[in-house]
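*Asks:* Pulled the feature table from Swiss-Prot, pasting it below:
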type     : residues : note
REGION   : 49-75    : region 'Disordered'
REGION   : 204-271  : region 'Disordered'
MOD_RES  : Ser214   : phosphoserine
MOTIF    : 214-223  : motif 'BetaTrCP degron motif'
MOD_RES  : Ser218   : phosphoserine
MOD_RES  : Ser223   : phosphoserine
MOD_RES  : Ser230   : phosphoserine
MOD_RES  : Ser234   : phosphoserine
MOD_RES  : Ser247   : phosphoserine
MOD_RES  : Ser251   : phosphoserine
CROSSLNK : Lys258   : SUMO2 cross-link
CROSSLNK : Lys270   : SUMO2 cross-link
REGION   : 278-298  : region 'Basic motif'
REGION   : 279-298  : region 'Disordered'
REGION   : 303-339  : region 'Interaction with GABBR1'
REGION   : 304-332  : region 'Leucine-zipper'
MOD_RES  : Lys309   : N6-acetyllysine
Amino acid sequence: MTEMSFLNSEVLAGDLMSPFDQSGLGAEESLGLLDDYLEVAKHLKPHGFSSDKAGSSEWPAMDDGLASASDTGKEDAFSGTDWMLEKMDLKEFDFDALFRMDDLETMPDELLTTLDDTCDLFAPLVQETNKEPPQTVNPIGHLPESLIKVDQVAPFTFLQPFPCSPGVLSSTPEHSFSLELGSEVDISEGDRKPDSAAYITLIPPCVKEEDTPSDNDSGICMSPESYLGSPQHSPSTSRAPPDNLPSPGGSRGSPRPKPYDPPGVSLTAKVKTEKLDKKLKKMEQNKTAATRYRQKKRAEQEALTGECKELEKKNEALKEKADSLAKEIQYLKDLIEEVRKARGKKRVP
């Protein structure tokens with residue numbers, strides 16, 4: 001029971017020391033697998049760890065946690081003791097080859113080293129993501145909190161020291177490497193800086209459907225076969241150039257160029273142009289008709305004025321003749337009167 005309580009307290013200490021969020025799917029799977037191993041260790045106490053190995057661990061600061069965990073483990077293990085009275089022939093089973101007890105003995109040291117190395121590896125990344133990014137580095141704006149949480153949860157899959165958990169492959173701008181189960185990770189300072197820049201300038205996949213890179217383009221694949229078959233891509237080549245990225249303010253204001261206008265717009269434009277043409281033609285016809293009418297009226301007026309002048313001239317000539325005739329008539333009347341007077345004087349002597 002000391003070995004079982006040691007494993008339980010060790011995992012609890014690893015959970016407390018890890019700076020990552022344990023609410024992801026990888027954390028739940030690892031805890032479920034750890035529970036399976038603990039159940040196996042309960043029923044295999046004679047074949048478990050020795051007390052010497054359990055006492056020689058490198059956990060001097062966790063005495064209180066080990067004592068409390070051992071008390072709870074005893075209560076859980078000896079709550080029902082009926083299984084201890086059963087007799088079974090265990091010679092048929094080779095538990096060393098079946099459950100890999102050697103791996104279980106070496107698991108605490110490897111888990112401790114991987115936890116320390118990964119904590120040191122991702123500590124500067126968490127500090128840089130918590131800081132405010134400079135305005136010149138991130139052209140898209142502040143990343144949503146959900147992406148940061150996913151990045152913090154994803155590295156926990158590297159810490160699964162179980163034979164049945166899949167390995168995770170990752171790539172950096174300089175080189176690509178695979179993390180084996182329980183292996184140590186050593187990355188220099190030069191390799192950490194490009195990784196932090198990649199976390200800051202990560203393009204969200206919801207910006208545009210055409211710009212979403214595939215798993216091979218991003219340099220991350222889930223299986224070794226797909227990783228070996230795909231060509232190596234760096235984050236600088238997999239991303240689209242900044243000229244092709246739509247600006248956050250101009251993407252909504254400027255619509256896409258369309259190959260053709262909508263039918264309603266073309267019909268209305270044609271109708272408007274036809275109406276304008278008809279109006280212009282009518283205006284020109286009215287102008288020409290008005291000018292012709294004015295010309296006719298002017299010609300008629302000129303003809304009438306000419307005739308009137310001629311008639312006036314004739315009238316004046318006729319008046320002169322009438323005056324002359326009236327004068328002659330008056331002169332003749334006067335002569336006739338004088339002749340009558342002369343004849344009357346001659347008759348009266």
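Every residue, even glycine, has its Cβ placed from backbone N, Cα and C.
I'm curious about the neighbourhood of these features; can you describe it?
*Replies:* Its Cβ taken as reference, Lys270 (SUMO2 cross-link) is surrounded by 10 other Cβ atoms within 10 Å in the chains shown.
Summarised by DSSP class, the composition of the region 'Disordered' (279-298) is 20 helix, 0 strand, 0 coil.
Averaged over the region 'Interaction with GABBR1' (303-339), the predicted model reaches a pLDDT of 95.
Nonlocal intrachain contacts for the region 'Leucine-zipper' (304-332), taken as residues 6+ away from its ends with a CB within less than 8 angstroms of a stretch CB, are lacking entirely.
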*Asks:* Between Lys270 (SUMO2 cross-link) and Lys309 (N6-acetyllysine), find the distance joining the two CA atoms and give it rounded to the nearest Å.
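*Replies:* On Cα coordinates alone, these residues lie 58 Å apart.
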*Asks:* Around Lys309 (N6-acetyllysine), how many other C-beta atoms are within 10 angstroms of its C-beta?
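*Replies:* Taking all protein chains shown, Lys309 (N6-acetyllysine) has 10 Cβ neighbours within 10 Å.
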*Asks:* How many of the residues that make up the region 'Interaction with GABBR1' (303-339) does DSSP mark as helix, as strand and as coil?
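*Replies:* For that range the per-state counts are 37 helix, 0 strand, 0 coil.
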